[in-house]
Amino acid sequence: MAVHCNLLKCLFECVVFYFQVRQVGTNRSFPWGFAILCLLPVLHNVVGSRSSFEEQSSSCGLHATIVRQVEREGFHRELGSLIELVAQNPLEWQNCTIALQETIPSGLYVNQDQLMDLERQGTLTACPETFVDVEASQWHSEAFTVLVYSALQTAHNLLYAHLRMPIHLRYHAPTESGGYAAVFVPPPKLMIRCSNEITCGRKDSYFSAPCDGCSGPQCSWLQLPFSTNTPKDGLRVMVPVGNKSLLSIVNAVTFLVTGGGCLYILSILVSTWR
Amino acid sequence: MKHFVIGLFIRLALIFYGEFHDKTFQVPFTDVDYKVFTDAARNVLMGASPYSRHTYRYSPLIAYVLTPNIIVHQAFGKVLFSILDLVMAYLIYRLMLKRNVPIHKAQLSALSWLYNPLSIIISTRGNADTLSSLFVAATLLCLYARKPTFAGLMHGVCIHMRLYPIVYSLPFYLSLSSGSQFSTEKNNVCDSSQSNSKAPPENNEATEYRNGFYSILGNCKNVFIPNKCQIKLVFGCVFAILTLTAVFYWLYGYHFLYESMLFHLARKDVRHNFSVYFYLQYLSAGAVVSVWQRVLMFVPQLFLLVALSFRYGHLFDLPFCLLAQTIVIVMYNPVITSQYFIWFLSLLPACIPMLDLTLKQAVFHSVVWIVAQLAWLLPAYWLEFRGEDTFVYIWLQGIAFFCANMTLLARLIQAYNPIKLWKKTN
């Protein structure tokens with residue numbers, strides 16, 4: 001029976017994955033190489049995580065996958081998540097909202113004001129659960145969580161949402177040899193809430209969280225297990241860091257230049273003194 | 001007058017475009033701080049402190065002035081700044097006339113502000129830095145009009161708005177000195193209150209100007225013992241600062257003090273910026289900053305500011321003095337963003353008639369200055385938007401930009417020739 005189920009799940013995965021490629025393939029910034037690469041971990045999950053599948057069978061007949069990637073380069077990025085739910089009974093899930101609870105590590109931040117603008121434009125509803133200092137460096141910061149909300153679009157038995165949240169890298173402490181530091185974005189927590197009350201699933205997979213914003217009334221959310229392309233320690237983002245071994249030379253040259261500039265201007269002042 | 005209408009029209013058109021741009025494109029036209037101002041104004045209207053908006057680091061006055069942003073329209077502030085831009089052009093014109101600059105040259109100075117693409121863009125993006133430039137110009141005008149108390153008050157408000165004009169205090173103070181090397185008039189109004197000679201004797205002035213160095217020793221006493229005007233100036237300034245600080249401290253508490261003053265004093269931003277000190281600060285971030293490093297960062301700036309104050313602390317030279325000082329504080333600042341350039345660009349028009357530069361030279365220096373900025377922007381772009389490790393190049397370009405500015409300052413000092421102007425007018 002278990003083997004049978006696994007095969008079935010594999011079939012699901014393939015269908016889902018086909019959709020993923022079709023979906024994100026229309027997005028101009030989606031790299032195809034990445035699409036092929038992400039197939040591997042997804043398949044790996046299928047084979048390797050039978051226990052999570054058992055949980056899933058208790059998850060109200062929903063099968064969730066999240067394909068994640070960090071788009072763009074440099075200090076200003078976008079965290080893209082394609083969430084797809086395959087429903088055994090799609091009619092039950094007509095008016096549902098999903099929420100991702102993202103853990104933003106200390107090396108990254110989201111800009112609350114930017115998120116508020118995006119919400120006003122209707123592009124994205126997301127808000128950090130704490131105050132975020134957008135100016136602090138990584139070594140002065142701590143990880144925090146962001147709640148990202150989205151309605152679900154429906155195509156037959158597939159419910160999906162594509163979210164892109166702007167994230168920004170913090171400055172990292174310089175290291176002895178410079179180069180790059182790595183920041184890891186861990187996988188999120190996926191939650192769902194419907195206008196009609198959901199009663200299925202285990203009691204302990206229900207959470208209380210704000211209904212559609214950081215504050216406001218609390219709703220009951222059902223946490224869903226999901227398979228994802230994200231490695232265990234998270235998506236890796238590289239950020240350039242300063243080279244500490246240059247400190248003495250930078251010190252010397254900088255002060256030579258600023259001191260020299262001062263003397264130069266003073267000499268000009270003296271030479272033009274009439 | 002015609003030009004004022006055209007200038008206003010250009011600005012209004014850009015504000016309209018900005019509204020359209022912000023709705024259409026991802027990268028907004030509007031300044032980041034403008035939203036901060038608007039949010040702070042909203043807080044004020046709701047009876048809260050403007051400082052409850054994170055990164056609001058300005059005087060509460062700005063939030064008060066911009067409350068119509070919420071009540072009337074979001075673009076109110078931009079229109080206001082644009083109108084203030086026109087007022088600034090008018091002040092420059094008046095300032096030139098006060099200094100006996102021929103009318104056509106005075107007009108040219110005003111026009112160079114009115115049609116300056118940088119000033120147009122900055123005011124229409126909603127940057128409040130024009131406001132402090134306006135107060136600086138107003139202070140100068142008060143000084144020329146022999147109203148030291150008003151000048152002091154203006155200067156105090158200006159320091160309250162933005163901290164940097166505090167370095168102008170010394171030249172302002174010196175310019176009112178009774179010592180002949182600093183005062184414009186033989187019978188200074190500060191010494192003998194009954195004499196109020198309208199026409200400054202230019203010829204005498206020119207010779208005195210030349211002999212300035214020799215008389216400086218003899219006038220030490222006059223420099224250091226304050227006269228009536230200087231006391232008025234200091235009183236006005238201290239009164240304005242203390243009143244404003246006390247009122248806002250009473251209203252908003254320590255938060256006001258920290259955000260609008262202490263923060264700017266202790267500002268240390270390790271993220272990449274135009275400053276020559278950027279990489280040094282970043283690399284030594286987290287480590288204990290040694291005393292000598294602090295001293296080395298502070299002393300050259302201090303020397304230059306004091307030297308410039310004494311060299312150009314003459315009432316007639318004041319605009320140039322402020323220009324040179326501003327270039328120095330901006331270039332030696334640990335953090336430089338492009339909005340700081342407006343601080344000295346706003347003083348440039350008032351100095352143009354006194355600069356002995358051909359058009360070709362002026363264009364050449366402007367091009368060098370802009371190219372040095374672009375050369376910095378290139379590695380900064382690769383770092384910020386491409387994620388490449390270009391820190392060393394940014395640092396080197398920062399040094400190059402510093403050198404370009406120092407050379408520019410040196411050329412300006414060499415080209416500054418007010419005597420030529422007097423000769424022409426006489």
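Just so it is clear, glycine is given a Cβ too, placed from its N, Cα and C backbone atoms.
Residues or ranges marked as signal peptide by TrEMBL: B:1-20. Same-chain residues lying 6 or more positions outside the signal peptide (B:1-20) and placing a CB less than 8 Å from one of its CB atoms are 29-30, 75, 78-79, 82-83, 85-86, 89-90, 110-111, 114-115, 120-121, 123-125.
Taken from TrEMBL, the feature transmembrane segment applies to B:75-93 (among others). Proximity of distant same-chain residues to the transmembrane segment (B:75-93), defined by a Cβ-Cβ separation under 8 Å and at least 6 residues beyond the stretch ends, is recorded for 4, 7-8, 11-12, 15, 18-19, 30, 34, 37-38, 65-66, 68-69, 106-107, 109-111, 113-114, 119-120, 123-128, 130-131, 133-134, 137-138, 141, 346, 349-350.
Positions annotated as transmembrane segment by TrEMBL: B:233-252 (among others).
Under the heading transmembrane segment, TrEMBL lists B:282-308 (among others).
As annotated by TrEMBL, transmembrane segment applies to B:315-332 (among others).
Per TrEMBL, transmembrane segment is recorded for B:362-382 (among others). The list of residues near the transmembrane segment (B:362-382) in space but at least 6 beyond its ends in sequence, with Cβ under 8 angstroms from a Cβ of it, reads 272, 274, 338, 355, 388, 390, 393-394, 397-398, 400-401, 404-405, 407-408, 411.
Among the features that TrEMBL reports, transmembrane segment is placed at B:394-413 (among others).
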